[in-house]
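In what follows, a single structure is set out as structure tokens and then discussed.
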Amino acid sequence: MPKYRSITTTHGRNMTGARALWRATGMTTEDFDKMIIAVVNSFTQFVPGHIHLRNVGALVSEQINITGGVAKEFNTIAIDDGIAMGHSGMLYSLPSRDLIADSVEYMINAHCVDAMVCISNCDKITPGMLMAALRLNIPAIFVSGGPMESGAITLSNQNVKLNLIDAITCSVDPNISDVDQQRIESAACPTCGSCSGMFTANSMNCLTEALGLAQPGNGSLLATHSDRKKLFLNAGKYIVHLAKSYYEENNYSVLPRNIANKSSFENAMMLDIAMGGSTNTVLHLLAAAQEGEIDFTMADIDKLSRKVPHLCKVAPNTQRYHMEDFHRAGGVMGVLGELHRCGLLHEDTRNILNKSLLETLLNYDIFSCDNFESKNMYAAAPAGIRSTQAFIQKNRWTSLDTDRRSGCIRSREHAYSQDGGLAVLYGNLAVDGCLVKTAGVHINLQKFSGPAKVYESQEESVQAILTGNIHSGDVIVIRYEGPKGGPGMQEMLYPTSFLKSMGLDLCCALITDGRFSGGTSGLSIGHISPEAANKGLIGLVHDGDIINIDISMRSITLEVSEHILKIRHAAEIARGNKAWTPTNRNRNISISLKAYAHLVTSADKGAVRDKSKLLG
């Protein structure tokens, strides 16, 4: 039977100094026989998805203390990708994921913590904490801050729902007046919470629910709704029970690696494919799997993407539905319920409630369950009140969306497509694979061929788009923006958003070794592996080269002869120490980013550290 880890610092004469310090934090003699449970918060005033979390940690801590543990709270950093977007700040976004994972490890191991509750929400915070949980493998529960309500505005006598992407695209839309631009900006993000579409933050919070590490409703229940408070209170209670089950009952099944096993990862990926989630989730799931020593790779994702139907569209893939509508339709459990009826899920996986997925669906799938409490939770609705505070309203929908023919979540028979919302493409341009969110690709763009317009930075591509140098039929190539080449694998939200604003999103393609925001739509292909900085073929593309893309065939091909490619390769090698680096790019790379670039692997490996460089 495992001993409390915290005994290391709370027992024995030689730990007198440690106990003296613990006493200074408020612990008593009686507390030294209890479990120490970390409340890993991520409150910050920089991020709307985290602005409301200051007092939430205290709620969780109180429940831990009441239930028999000793709660100790600390904070991680949290970068707002939307604010860091479009300038050098985005270089720090993906590296912050690994920094968060490390900081959680440091705090947990330095203080010999027994278990933890992870309070996350936005883009890199949930993945960073997930990596830490699987690395540490101590009892853990995730509970996120919840989604933002969608914005609303009246334009040309039409009521329009808004999200962050609308605020970005309107900035260069010549049809939007300065007055309306200001109105959209002021209305797009009305409350605290993670941005209101199925962007990266909400996608990841849905996936922690599917992995079994978070409670039902975690991914979709609005940040402003009073029902969400119950998730935090329950997390404080449940973590004590989980930890006691492990430490006192020798129950190893409650550990993160046993809950989030390969079958759970496959369930989570099937959810992501079915709901057309962010391509960033692939990067983060691959990274988390490596931390948990789980054999889950791009090959598994490719296999799943070929059999899972696309059942759900939420902004940015449609303007009709936002996270509040997804929740009304049953949220994560609603989609998993449909996948279960397709016979696709591993129904025996277990969660933090010590229930199998099948048992959980029987209680939380609104299409088939009779549980009043569950259905009442999924009726939680927005209030339309601007606020930075959590739990301020109790609005409810008068009915749930159980329309599986044309509603937010659909059955297989009425799916948007029998192919899922994400696809892995292969070819000479991406020998190790690349990703496209097919949920955001118009049917007329499923097969595309065009001449390349090559840029060696996001900034250069944006300038080309805004100055009219991109034309219908072009394939925009943005390279040296991968994990190593950027470094930091910037999100290309501005190029894709500006293409949309200029009316080019339905007649152009964009490919990159960088990545995309969860807010991206259009024929946007990212994560090209190997990246240019790792001698990938994308580094040899010239202006005018024809690139063929065929989503149905899962292919992406550079139509240049092997003879020409050998000549180009030799010319690149001849550049000496400048080989496989961008030409004439003016970018200040800090020491911390250089260290990141030195250790990072490619996108198809999750952009995690190359352990071989550390182990020798």
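Positions of Cβ are set from backbone N, Cα and C atoms, glycine also.
Listed by Swiss-Prot as binding Mg(2+) are ASP81, ASP123, LYS124; the candidate from GLU481, GLU491, GLU531, GLU559 that the record includes in that site is GLU491. The most crowded of the binding-site residues listed here (ASP81, ASP123, GLU491) is ASP123, judged by how many other CB atoms sit within 10 Å of its own CB. Sequence-distant neighbours of CYS195 ([2Fe-2S] cluster binding site) (same chain, 6+ apart, CB under 8 A from its CB) are PRO48, GLY49, GLY82, PRO147, MET148, ASN163, LEU164, CYS189, ALA201, ASN202, GLY519. Cα-Cα distance from CYS122 ([2Fe-2S] cluster binding site) to GLU491 (Mg(2+) binding site): 15 Å (rounded to the nearest whole number). Report note: the Mg(2+) site is defined by ASP81, ASP123, LYS124, GLU491, and the residues of the same chain whose CB lies within 8 Å of the CB centroid of those residues, excluding them, are ILE79, ALA84, MET90, SER93, LEU94, CYS122, THR200, ALA201, ASN280, SER517. In this structure, ASP81 (Mg(2+) binding site) is part of a helix by DSSP. Across the fold, the C-alpha of SER517 (active site, proton acceptor) and the C-alpha of GLU491 (Mg(2+) binding site) stand 5 Å from each other.
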